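For reference, the structure is listed below as structure tokens.
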Amino acid sequence: MAANVNVMAAPTPARPRAWWSHLYVQVLAAIVAGVLLGHFWPAIGTELKPLGDGFIKLVKMIIAPVIFLTVATGIASIGGETKALGRVVGKAFAYFLFFSTLALIVGLVVANVVQPGAGMNIDPATLDAGAVAQYQAKAHEATLTAFLLDIIPVTFVSALTEGSILQALFVAILFGLALSHAGEPGRQVLGLLEKVSTVFFGLVGMLMKFAPIGAFGAMAFTIGKYGVESLANLGLLIATFYLTSLFFVIVILGAVAHFSGFSIFRLIAYLKAELLLVLGTSSSEAALPSLIEKLEKAGCAKPIVGLVVPTGYSFNLDGTNIYMTLAALFIAQAVGVDLSLGDQIALLLVAMVSSKGAAGVTGAGFITLAATLSIVPSVPVAGLALILGIDRFMSECRALTNFIGNALAAIVVAGWEKGLDREALARALAGEPAPLAAAPIETDTD
């Protein structure tokens, strides 16, 4: 007599991938190739700028839809509980404010101790103010009122087409809340959006395959245009900034990670492909869609990731904050301006406001610094010309520090809100694949 017996078959282990097929290996190789090409054939390197620009545009093309789908479906799936939503936002902003302010203070303290600009004795009248005029113009446009009003889009659709992260987040929150209160039609739309979200994250995976090309072009352009030699002129400032950022990540953020139950080094290793992409393109936005996907795989609740990460890209820029106070004091020291304690406190307070809303794109930190110096009269804005030539080399460090800070913030807030699967986080950070469900096998027996 035949009988059907279900036997649980062990999942077939995946074949190990070749080492060269990993994205982080390809991006690292592309960065090295870009540096070599830009150094030995600078004319060719500068012509490759469209490769980097094109890749960043490809990624920015899908950022707004990814944020909208992640946040809207996340809020709708938890029933649009405004109390829970407000609690997440409140905790996230408390975290952002504390660590952003701490980063500003760290930059200020290091600048006073190391004094990278001391002894340069530069006459402000000899500086080329015209070289920074465009940054000053943009800085004067960046008022707090204009920033807050700009969060509200002209139309619902324009929030998804004009590339503004905060506008996309704003309409996603409203749409998610409306969806959660729409009853059965809302549940049907939610199901559809979840399917569309799967398609978009598949698109993210496709676009990431072009990351090595973008990193190669961006790095070849940077080295070809500015040259490695330009680093030597202001080497102390660059070294001070890099070491300060490293200290902030390893010691301060590392302590936060430790008390949250995981290692900052494991987190960095988990995000190595994204970090190399940020390094190559000098833009933390380039890896935003991939970061959202990886944090969800690491056990962070979808609504929390969708809220914390996009807002962090405007309000939690640790690298930019370190850079602002460090660079401002460097300029003051270089031109012989002795800032009193009161002046430095005023600088700190202004930077706390002007740093909010600095987008995670290349050059935004420089514009934000221009805005800060425009408000603080003690430091000449023309002094920006001193660091204009090397800002591009510090941009990578700003972006990397910002990126790590936002990844950590999402995990910490998820832990506070009990929206963190710690087993999934441990597996992800250890490099272990997610467990596969065993498949039943039907067999006939006589």
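Every residue gets a Cβ built from N, Cα and C, even glycine.
Per Swiss-Prot, the feature transmembrane segment maps to 25-45 (among others).
Positions annotated as transmembrane segment by Swiss-Prot, on the basis of sequence analysis: 58-78 (among others).
Residues annotated as transmembrane segment in Swiss-Prot: 93-113 (among others).
If you look up Swiss-Prot, you'll see 159-179 (among others) marked as transmembrane segment, on the strength of sequence analysis.
Listed by sequence, the residues of this chain that lie at least six past the ends of the transmembrane segment (199-219) yet keep a Cβ under 8 A from its Cβ atoms are 23, 26-27, 29-31, 33-35, 37-38, 48-56, 58-59, 62, 65-66, 69, 273, 276-277, 279-282, 286, 289-290, 293. Annotation comment: Swiss-Prot describes 199-219 (among others) as transmembrane segment.
Within its own chain, the transmembrane segment (236-256) has Cβ neighbours under 8 Å at 99, 102-103, 106-107, 110-111, 114, 116-117, 263-265, 318-319, 322-323, 326-327, 330, 387, 390, 393-394, 397-398, 400-401, 404-405, 408, 412, counting only residues six or more beyond its boundaries. Annotated transmembrane segment per Swiss-Prot: 236-256 (among others), in sequence order.
Non-local neighbours of the transmembrane segment (322-342) in the same chain are 103-108, 110-112, 115-118, 120-124, 127, 237, 240-241, 244-245, 248, 348, 351, 354-355, 365, 368-369, 372-373, 376, 378-380, 383-384, 386-387, 394, 397-398, 401; each lies 6+ residues outside the stretch with a CB under 8 Å from one of its CB atoms. The feature transmembrane segment is assigned by Swiss-Prot to 322-342 (among others).
Residues or ranges marked as transmembrane segment in Swiss-Prot: 370-390 (among others).
According to Swiss-Prot, the feature transmembrane segment maps to 400-420 (among others). When Cβ-Cβ distances below 8 Å are used as the criterion, the transmembrane segment (400-420) is approached by residues 84, 87-88, 91-92, 95-96, 99, 245, 248-249, 253, 256-257, 260-262, 264, 267-268, 271, 274-275, 278-279, 284, 287, 291, 295, 298-301, 303-305, 308-309, 312-313, 316-320, 322, 360 of the same chain, each at least six residues removed from its ends.
Take the transmembrane segment (159-179) and the stretches 25-45, 58-78, 93-113, 370-390: counting Cβ pairs under 8 Å, 58-78 has the most. For the transmembrane segment (93-113), the residues of the chain that approach it from at least six positions outside its boundaries are 240, 244, 247-248, 252-253, 311-312, 315-319, 321-326, 328-330, 333, 344, 347-348, 351-352, 355-356, 405, 409, 412-413, judged by C-beta separation under 8 angstroms.
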